[in-house]
């Protein structure tokens with residue numbers, strides 16, 4: 001073996017001192033930069049107000065609604081519980097002092113997972129390239145990105161998501177290496193790594209739904225592995241079938257089981273009624289301790305004179321609701337507002353009355369096909385519709401509260417119909433899906449799901465739809481107060497686990513799709529992210545923290561994405577032409593580097609491009625999973641290009657140029673981190689655009705607000 005071959009073997013083996021020293025230095029730098037001032041500022045920062053509050057609800061076992069799956073929040077709550085946090089701090093708004101609350105454990109837990117992303121990226125790059133230079137550069141870029149540092153130091157879901165995502169990427173490429181080495185598909189080592197990958201995928205999806213992107217990435221990587229095994233003509237086809245069976249179990253069935261298990265824990269722990277009950281169906285709520293439907297009883301059928309609440313069957317739909325406030329001038333008739341409201345409230349109560357008199361004697365059941373009036377219990381006004389346009393959905397008719405003490409006019413009359421039932425059939429509590437058709441206007445009572453402006457207290461619009469087939473026009477009677485009929489337990493209506501699992505996902509997905517920015521909140525668009533156009537304040541007090549990427553790292557990543565596209569096209573054309581002449585134009589190392597760059601580019605695209613198609617509100621931090629891939633790509637492509645340039649120079653000149661450029665890249669990256677580190681560790685004094693600011697020289701773009 002030549003001296004040159006020995007050196008190459010050393011550099012592609014993790015069992016040498018240089019590899020371990022490099023790994024140790026990067027790990028040391030990671031934990032030093034991540035845990036420096038980790039408990040500062042000692043007040044609530046940005047979305048800590050949400051996830052800290054949710055951790056408190058888990059500790060207190062109080063049910064709530066959130067648009068994300070539960071694992072990340074459960075882990076934050078567990079870390080808080082184990083480190084002495086008692087779940088009593090309110091987390092009301094950013095800037096609130098912790099004042100003795102034991103927040104440290106939760107913040108350190110999230111920071112620890114955020115720090116572990118760096119060594120996982122190092123190991124991933126090593127598996128992809130077996131090049132220590134690529135691995136070092138790609139990892140260094142992430143260490144020195146102040147935005148990545150900032151996002152991974154607080155009580156947030158992002159460090160947890162990125163940690164499990166990094167585990168998944170590492171697992172995928174580790175399995176590729178084992179597959180390429182010829183390891184048997186059902187060997188203990190292979191099964192253990194596949195179980196690790198499956199668990200990582202389940203955990204990623206269980207933190208945020210954007211974990212689906214890494215599932216797609218691993219799916220593509222798995223298909224490529226199976227294709228390579230199938231393409232090896234020295235191996236039997238049965239080997240590919242064995243790999244397929246093993247991965248179907250460990251990468252599909254096993255993650256699904258874990259994912260469902262996490263939701264079982266979530267629904268078991270959150271057993272007490274909370275402010276999120278109203279987003280869910282009556283059967284779901286019957287499982288929550290303290291809810292009016294839990295261990296409660298009500299008449300089986302609906303009768304005239306009953307005081308009821310009506311729950312809309314739309315996913316996440318609220319209760320029919322009214323209050324003393326009127327529609328403003330210019331919004332239809334200036335009569336009392338009718339809305340849906342997702343929280344339980346006395347203003348959700350209505351009295352069921354015959355259409356032609358005030359009351360009836362005894363217990364007279366309400367039947368499908370009956371004409372009736374619904375009188376708001378608190379205000380005495382009747383549910384009413386007329387030939388005025390609805391406030392937001394102008395093709396529908398306005399629904400209002402009208403009259404005095406139940407006395408109104410003919411536009412207060414509604415026909416109640418059981419969906420899929422027959423005329424004369426009794427209306428049952430919870431079980432009957434009913435529609436209210438306006439007697440004169442021939443439209444059906446519905447909720448559009450649109451949020452009313454401030455004058456409507458941001459509740460949802462209720463209107464009357466001339467299309468009687470409106471799928472959102474279904475309601476059920478939930479509360480049913482009527483003392484003259486025997487009662488039955490709501491336990492009979494309570495949903496089972498799988499019903500609640502499916503409903504939880506329907507509500508979460510609808511909530512995600514309908515997310516809108518809060519007043520004064522800074523949002524962004526996908527085109528702004530790669531160019532580092534605008535950051536976001538995490539802490540706006542005297543100790544300012546500003547989420548912004550290191551511009552050297554981000555703009556270099558953007559440049560290398562463009563360069564990669566050109567290199568990929570150039571090499572594809574060159575190889576095609578060379579193949580026609582029976583030549584090879586690249587050595588195995590360059591081919592492996594370009595392949596690794598291709599997978600990094602694919603990962604970046606999968607984690608960035610889908611956001612262009614999303615209609616929901618978007619934020620700057622959504623780009624950071626894609627940043628991991630783009631930093632890996634930059635590290636790989638830097639070495640690939642330097643190797644290519646070096647091949648055109650003499651050995652001595654090539655070596656000198658290679659080391660000079662590598663030194664320049666490393667020193668520039670580290671120095672840029674030093675310059676911009678105050679954004680992550682805290683700034684004091686005037687803002688960058690104000691006189692005498694120490695940060696004025698770093699405001700390279702007008703859109704940066706620090």
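Every residue number used here counts from 1 along the chain in the order it is shown.
In case you wondered, yes, glycine gets a Cβ from its N, Cα and C as well.
Note: TrEMBL annotation is automatic and uncurated.
Going by TrEMBL, these are the annotated features:
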DOMAIN    299-355  domain 'MIR'
DOMAIN    363-419  domain 'MIR'
DOMAIN    424-480  domain 'MIR'
TRANSMEM  18-36  transmembrane segment
TRANSMEM  108-126  transmembrane segment
TRANSMEM  132-149  transmembrane segment
TRANSMEM  195-223  transmembrane segment
TRANSMEM  244-265  transmembrane segment
TRANSMEM  552-573  transmembrane segment
TRANSMEM  593-611  transmembrane segment
TRANSMEM  623-644  transmembrane segment
TRANSMEM  656-676  transmembrane segment
At least three Cβ pairs under 8 Å linking the transmembrane segment (195-223) and the transmembrane segment (593-611), pairs spaced 6 or more in sequence? yes
Long-range Cβ neighbours of the transmembrane segment (18-36) (under 8 Å; 6 or more residues past either end): 10-11, 108, 111, 114-115, 118-119, 122, 132, 135-136, 139-140, 143, 149, 152-153, 673, 681
Outside the transmembrane segment (656-676), six or more residues from its ends: residues with CB under 8 Å to it: 33, 133, 136-137, 140-141, 143-146, 548, 550-553, 638, 642-643, 645-646, 649, 698
Excluding the flanking five residues on each side, which residues at least 6 beyond the ends of the transmembrane segment (552-573) place their CB within less than 8 Å of a CB in that stretch? 141, 144-145, 147, 530-532, 586, 594, 597-598, 601, 604, 627, 630-631, 633-634, 637-638, 640-641, 668-669, 672
The predicted model's mean pLDDT over the domain 'MIR' (299-355) is 91
If we call contact 3 or more Cβ pairs under 8 Å (sequence gap 6 or more), are the transmembrane segment (593-611) and the transmembrane segment (623-644) touching? yes
Quickly jot the same-chain residues contacting the transmembrane segment (108-126) by Cβ under 8 Å, restricted to those at least six beyond its ends, or write none. 14, 23, 26-27, 30-31, 34-35, 38-39, 75-76, 79, 83, 132, 134-135, 138-139, 142-143, 151-156, 158-160, 162-163, 166-167, 169-170, 173-174, 596, 628, 631-632, 635-636
Who are the long-range neighbours of the transmembrane segment (623-644) in its own chain, taking Cβ under 8 Å and residues 6 or more past its ends? 117, 121, 124-125, 128-129, 131, 133-142, 145, 147-148, 151, 158, 161-162, 165-166, 169, 210, 213-214, 526, 529-530, 549, 553-554, 556-558, 560-561, 563-564, 567, 589-590, 593-594, 596-597, 600-601, 603-604, 607-608, 657-658, 661-662, 665
Close approaches to the transmembrane segment (132-149) from elsewhere in its chain (Cβ under 8 angstroms; 6 or more beyond its ends): 11, 18-19, 22, 26, 29-30, 33-34, 117-118, 121-122, 125-126, 532, 535, 547-550, 553-554, 556-557, 593, 596, 624, 627-628, 631-636, 638-639, 662, 665-666, 669-670, 672-673, 676-677, 679-680
Would you list the DSSP helix, strand and coil counts for the residues of the domain 'MIR' (363-419)? 3 helix, 29 strand, 25 coil
Helix, strand and coil residue totals from DSSP for the domain 'MIR' (299-355) stand at 3 helix, 28 strand, 26 coil
